[in-house]
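Heads up: the structure comes next, in structure tokens.
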Amino acid sequence: MAVRVLVTGAAGQIGYALVPMIARGAMLGPNQPVILHMLDIPPAAEALNGVKMELVDAAFPLLKGVVATTDVVEACSGVNIAIMVGGFPRKEGMERKDVMSKNVSIYKAQATALEQHAAPNCKVLVVANPANTNALILKEFAPSIPAKNITCLTRLDHNRALGQISERLNVHVGDVKNVIIWGNHSSTQYPDVNHATVTTKGGEKSVRELIADDKWLNGEFITTVQQRGAAIIKARKLSSALSAASSACDHIRDWVLGTPKGTWVSMGVYSDGSYDIPPGLIYSFPVTCEKGEWSIVQGLKIDEVSRAKMDATANELAEERSLAYSCLA
Ligand code: NAD
Ligand code: LMR
């Protein structure tokens with residue numbers, strides 16, 4: 001049976017990169033038919049229809065239908081997976097929370113439509129910024145959707161961290177695993193390599209053993225990952241799109257189909273108090289997934305430096321939550 005996948009903001013630049021990936025099976029596998037539901041706002045209706053025309057022209061074997069609409073109820077009806085990209089991106093010189101007032105009200109409004117019209121057990125991924133806080137608002141205004149079904153994208157940051165290690169060591173990115181992004185998809189996020197490993201001819205080696213340069217690992221590596229979104233905006237004059245779309249596919253694929261044995265990924269999920277992160281925030285943790293459910297990896301040793309960075313990004317999320325509520329008031 002075809003899986004119905006909603007993409008909001010589908011006429012935008014991430015949407016344009018994402019929908020062909022979904023239709024080709026990059027998200028749900030090469031044997032899973034899909035029906036795409038694409039939502040945008042009326043000023044983008046003509047462009048949205050153009051994307052629909054291109055999807056028809058691409059003759060994707062797995063694509064069993066396309067709904068392109070500006071009606072949020074029609075868009076959400078019966079969807080099994082909802083990828084929430086709709087909103088406004090930041091421009092050069094802005095922080096992601098600077099788009100809060102524009103975007104957070106969208107997530108309050110769309111929460112209700114999803115709650116009332118999506119398929120039971122719909123899995124939600126929020127991409128639009130500020131991603132963690134938009135996801136939290138969506139969760140709070142859709143109380144009947146289980147908290148475990150609402151997540152936000154930090155897989156892009158996770159993949160960026162893998163990419164930096166792979167470039168530094170001149171190894172293939174597929175051989176690097178188990179970095180962690182803790183916290184907010186913002187410049188306070190903490191990219192943690194303390195548990196990361198590389199598969200080498202001599203077996204599995206820790207990244208800290210292979211890169212003896214602590215100054216780089218504790219400094220430039222972290223800031224490069226934290227600031228990568230801004231660097232892309234500076235270079236492209238537009239925010240990341242192909243890497244965001246690809247990471248969104250990775251996030252849903254691993255959530256639905258499972259993470260490989262011995263590997264974890266980073267997902268923004270509702271905190272249950274693990275690692276003393278306050279419950280009630282959508283915070284990025286290391287997770288493994290099995291049978292469509294994520295679980296936070298438990299028992300990792302946290303040193304003092306990491307603790308401080310994990311708390312700082314949690315504090316920012318608590319501040320963002322207050323700011324979001326003041327924007328909605
Ligand atoms: P874009 O401006 O190209 O596209 C966004 C689309 O959303 C537009 O077509 C717009 O009309 C539409 N839209 C606006 N309000 C809407 C609403 N109420 N309902 C449905 N659609 C609506 O932007 P983009 O580059 O595609 O980025 C989208 C969002 O994703 C931004 O907030 C950006 O900051 C964020 N982003 C997040 C990550 C991440 O890793 N979490 C990565 C990249 C971008
Ligand atoms: C990113 O990380 O590339 C996105 O969140 C876009 C941005 O504003 O940085």
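Cβ coordinates are placed from backbone N, Cα and C, and glycine is handled just like the others.
Keep in mind that TrEMBL annotations are predicted by a computer and have not been checked by a curator.
When pLDDT values are averaged over the domain 'Lactate/malate dehydrogenase N-terminal' (3-150), the model yields 96. Taken from TrEMBL, the feature domain 'Lactate/malate dehydrogenase N-terminal' applies to 3-150.
The secondary structure of Gly15 (NAD(+) binding site), as reduced to three states from DSSP, is helical. For Gly9, Ala10, Ala11, Gly12, Gln13, Ile14, Gly15, Asp40, Asn103, Val127, Ala128, Asn129, the entry in TrEMBL reads NAD(+) binding site.
Summarising the annotation, TrEMBL assigns substrate binding site to Arg90, Arg96, Asn129, Arg160. In the three-state DSSP classification, Arg160 (substrate binding site) falls within a helix. There are 23 other CB atoms within 10 A of the CB of Arg160 (substrate binding site), with all protein chains counted.
Sequence annotations record features per position, and here TrEMBL assigns domain 'Lactate/malate dehydrogenase C-terminal' to 154-320.
The active site, proton acceptor annotation in TrEMBL covers His185. When secondary structure is read from DSSP and collapsed to three states, His185 (active site, proton acceptor) falls in the coil class.
For ligand 1, the nearby binding-site residues are Ala128, Asn129; that is, of Ala128, Asn129, Arg160, these have a C-beta under 6 Å from one of its atoms. Largest CA to CA distance in the NAD(+) binding set (Gly9, Ala10, Ala11, Gly12, Gln13, Ile14, Gly15, Asp40, Asn103, Val127, Ala128, Asn129): 17 Å, whole number.
For the domain 'Lactate/malate dehydrogenase N-terminal' (3-150), the DSSP counts in helix, strand and coil order read 68 helix, 28 strand, 52 coil. Cα-Cα distance from Gly15 (NAD(+) binding site) to Asn129 (substrate binding site): 14 Å (rounded to the nearest whole number).
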